[in-house]
Amino acid sequence: MGPAFASAALALSEALNLPSSGEADFVLQVGTEGLQLQELGPHAPGPLSVDFVRGPLAHRRLQGGGSGQMIAKAVGIQPGVRPDVLDATAGLGRDAFVLAQLGCNVRLIERHPVIAALLADGLQRARLDPDVRPIIERMHLQTGDAIQLMNAWEGDPPQVIYVDPMFPHREKSSLVKKEMSMLRPLVGDDLDASSLLEAALKLATHRVVVKRPRKAPSVLGPKVGYVLEGKSSRFDIYPKRSLKP
């Protein structure tokens, strides 16, 4: 590790209050590919990082379905309407990036400091790419507990709040399997999803959207207004007001 990377690793260790050496099941490593989360062990998968410039997100950016994508319909994107969105469970930022690419201003909240650090690193590196920078400039990350932050919200509230809780059963793609196998031991399941929904419904001015596995029950709370369903997942939509141009 070069001096610059060693210095960055030490600073990150201090910021996250993590040991810089010793026994561990996971390590954060800093290098030419940015910040990576690596599981240790003989059968561990490869490192996990956030990359908005290359890989699946680049393909989706260049070849994706535009405003016809189900997530776009779920948050209310339509001609002349690009709602202000709060992604209350940002994770690795994939869905927020899609919405920002489509023109939405997206505020992201991620409560786990390691996941937030991976996301912040991905955003920082993506700003160096001239094609992706305009998208990233519409994404604004905050680390903290979404329920607390929403309950103490100051300023203009978001029109739409998007929630994607981590539940025991998720999509079966190889990418998601890898991500879940690494993230679940760190963050666990979102056992406070109903409280998250309650806070979101109080704050959002127009609608709340909850992403769920297609066959999973709805989050405990108010009745779902309507559902958009795909092959492996669905969006439960709780409308409050119509989004209009």
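A Cβ is built for glycine as well, from the same backbone N, Cα and C atoms used for every other residue.
Quick look at what Swiss-Prot lists:
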- R94, D95, E110, R111, D164: S-adenosyl-L-methionine binding site (BINDING)
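What Swiss-Prot annotates, mapped onto the structure for a quick look.
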| residue | record | Cβ neighbours (10 Å) |
| --- | --- | --- |
| R94 | S-adenosyl-L-methionine binding site | 19 |
| D95 | S-adenosyl-L-methionine binding site | 22 |
| E110 | S-adenosyl-L-methionine binding site | 26 |
| R111 | S-adenosyl-L-methionine binding site | 19 |
| D164 | S-adenosyl-L-methionine binding site | 23 |
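Of all Cα pairs drawn from R94, D95, E110, R111, D164, which the record names as binding S-adenosyl-L-methionine, the longest spans 16 Å. DSSP gives E110 (S-adenosyl-L-methionine binding site) a strand state.
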